[in-house]
Amino acid sequence: MSFRNSSRMAMKALRTMGSRRLATRSMSVMARTIAAPSMRFAPRMTAPLMQTRGMRVMDFAGTKENVWERSDWPREKLVDYFKNDTLAIIGYGSQGHGQGLNARDQGLNVIVGVRKDGASWKQAIEDGWVPGKTLFPVEEAIKKGSIIMNLLSDAAQTETWPKIAPLITKGKTLYFSHGFSVIFKDQTKIHPPKDVDVILVAPKGSGRTVRTLFKEGRGINSSFAVYQDVTGKAQEKAIGLAVAVGSGFIYQTTFKKEVISDLVGERGCLMGGINGLFLAQYQVLRERGHSPAEAFNETVEEATQSLYPLIGKYGLDYMFAACSTTARRGAIDWTPRFLEANKKVLNELYDNVENGNEAKRSLEYNSAPNYRELYDKELEEIRNLEIWKAGEVVRSLRPEHNKH
């Protein structure tokens, strides 16, 4: 469809939605709010001023939930509460990088544990971590740490657990950012020690986004959970750490709910499902005689550049109100058909996540010695699909690339 956002229709949308306003910034400005930051940082930066208000009970469509905010944990409280702790970041991938730098910038005592002289070790040095002072091999970091933040990949956690487990001694805290290893313990063989707090903080975004939003003084939404509370302080510890690593708003969940919703989301609307829908529509348009440019524009470009940002900022109803009456009528009429078709697939997906089939598939694939080669091959196949080749050209024609 065409995105017919005339002045008349914009005013109608404004009347429909009350005081909310149409986004006026260019898409390039919107994109900058989620852009990946540079991987090089100064050794330390001053933590940005956070705009927060405290814990409150909020009504989510009739269900009341507690939501914690950063103001419960100002920087001074964080530093005092964790003054006797050493946060050991195990793994320096996406989450290790973002969470580690944020906690360090909050003034906490943070060290990093990775394989010596590997790519992550070298990246950590570039980011200001000092070998022998704040950067150590994994086992040494665990011995030195009091809060062990296991941010390795799921497959790597399974592989390294036999060596890590004996080092997580009484009095330490075991921290995860994903419930995978603990909930699917029959496959991962990860059984946390009985005499330590086991907690989870799961940022709702990549580690790069965690870092970017922190540097902008905002903060990412995160969930927290307690699997095992030995000290009686596991919950407050989890919330404090959530703030320390850059969270703005923090929601309570369980390890099981976190991992199931996460895996379903990634395979569904967030990545797999939307990719499948993009491909299906593009292929139908091409098979029916439309050009690659037209098919891509009506499938991906208009969605990501015009419509999805409005949904993210104001909601689906606002996006509908900003479009033509013809577009709205068709969207509303066809929604039940797509809902019916997709619920069947999503229920099948949920079952496969809940019964451990997806965990088994993930561990087997990502533990294979040649998994990187297989993964690169799959990405290359995606990259070479006509839809994304056409997309490269369409993106090059965006206004921000053609300033004269």
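From the backbone N, Cα and C atoms, a Cβ is placed for every residue, glycine too.
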Legend entry - Record feature phosphoserine (Swiss-Prot), assigned residue among Ser19, Ser120, Ser261, Ser367: Ser261
Inset, instruction - Drop a 10 Å sphere on every Cβ of the binding-site residues Asp117, Asp262, Glu266, Glu298, Glu302 and tell me which sphere holds the fewest other Cβ atoms. - result: Asp117
Legend entry - Using Cα positions only, nearest of the recorded positions to Asp117 (NADP(+) binding site) (Ser261, Glu266, Ser324): Glu266
Legend entry - Cα-to-Cα gap, Glu298 (Mg(2+) 2 binding site) vs Ser324 (substrate binding site), nearest whole Å: 15
Inset, instruction - Have a look at the recorded positions His97, Ser120, His178, Ser324 and say which one has the shortest Cα distance to Asp262 (Mg(2+) 2 binding site). - result: His178
Inset, instruction - Write out how many residues of the domain 'KARI C-terminal knotted' (254-401) are helix, how many strand and how many coil, based on DSSP. - result: 126 helix, 0 strand, 22 coil
Legend entry - Largest tally of Cβ atoms lying within 10 Å of a Cβ, found at which of the recorded positions His97, His178: His97
Legend entry - Around the Cβ of Ser120 (NADP(+) binding site), the count of other Cβ atoms that are within 10 Å: 20
